[in-house]
Amino acid sequence: MGAAKSRLKSIFGFLNHEVKILVIGLDNSGKTTLINHIKPSKASSFEVAPTVGYSVETFTKHNLSFTVMDMSGSSRYRSLWEQYYSTISAIIYVIDSTDKIRLCVARDELEELLEHSEVKSKGCPVLFFANKMDVPGAMTPLEVMTEMGLQMITNKAWHITSSNALTGAGVDEGISWLADKLLERQDYDDRSYRK
Ligand code: G3D
Ligand code: MG
């Protein structure tokens, strides 16, 4: 078992309530490839529900569920993603660091996501993967961070790490960060609940 899977497995037992993670990014950024490194081998479900130009993949394990969606940049499907926003606890945003041309689209989509009323008020952590780091000429995480304007995110914990979704390199580091944040938040939620 890879470190990312075992790290996730180690938090399954500690989560008292359901945690929903939204995996999002432009099409072709590497979401499906990356999620295969996270998906437990015995995940209870993995559905691919494609319609023309739109697909949602989900898997669930104990209290942890992942929903993977393409942001096609097409407003036609926006209402379909938005129905998931109210229940999410964390966001994984996958960026193709070789796609300099569409980075501004990825930035616009991120701004729109973070400004959405259901997301804006949440303290959910956001993990960015600067993916395809293996490709010569790929932007560094620092360049991606600057171009995406990540410094603008001041009301959420966020982290960026480079990844190669083909080999899984970098995935563990990102997932470990996210797992720690989810556990911290759960402690916080439990304390608030007990008050
Ligand atoms: P998506 O689910 O976000 O749309 P996919 O993206 O996971 O389908 O990946 C899109 C393409 O990028 C795939 O290539 C996949 O193999 C490739 N890819 C994903 N991550 C990486 C990476 O880190 N490095 C490199 N070099 N390629 C990556 P194909 O050829 O199948 O379309
Ligand atoms: Mg996909």
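Going from the start of the chain as shown, residues are counted 1 onward.
The backbone N, Cα and C atoms fix where each Cβ goes, and this holds for glycine too.
Just so you know, TrEMBL annotations are computer predictions that nobody has curated.
Positions annotated as GTP binding site by TrEMBL: GLY25, LEU26, ASP27, ASN28, SER29, GLY30, LYS31, THR32, GLY73, ASN131, LYS132, MET133, ASP134. According to TrEMBL, the Mg(2+) binding site annotation covers THR32, THR51.
In the vicinity of ligand 2, defined as a Cβ distance under 6 Å, the following of the binding-site residues GLY25, ASP27, LYS31, THR32 are placed: LYS31, THR32. Classification of LYS132 (GTP binding site) by DSSP places it in coil, neither helical nor stranded.
The binding-site residues under consideration are LYS31, LYS132. Their Cβ neighbour counts within 10 Å are lowest for LYS132. Of the listed binding-site residues SER29, THR32, the Cβ environment within 10 Å is emptiest of other Cβ atoms at THR32. Using a 10 Å Cβ-Cβ cutoff, ASP134 (GTP binding site) registers 16 neighbours.
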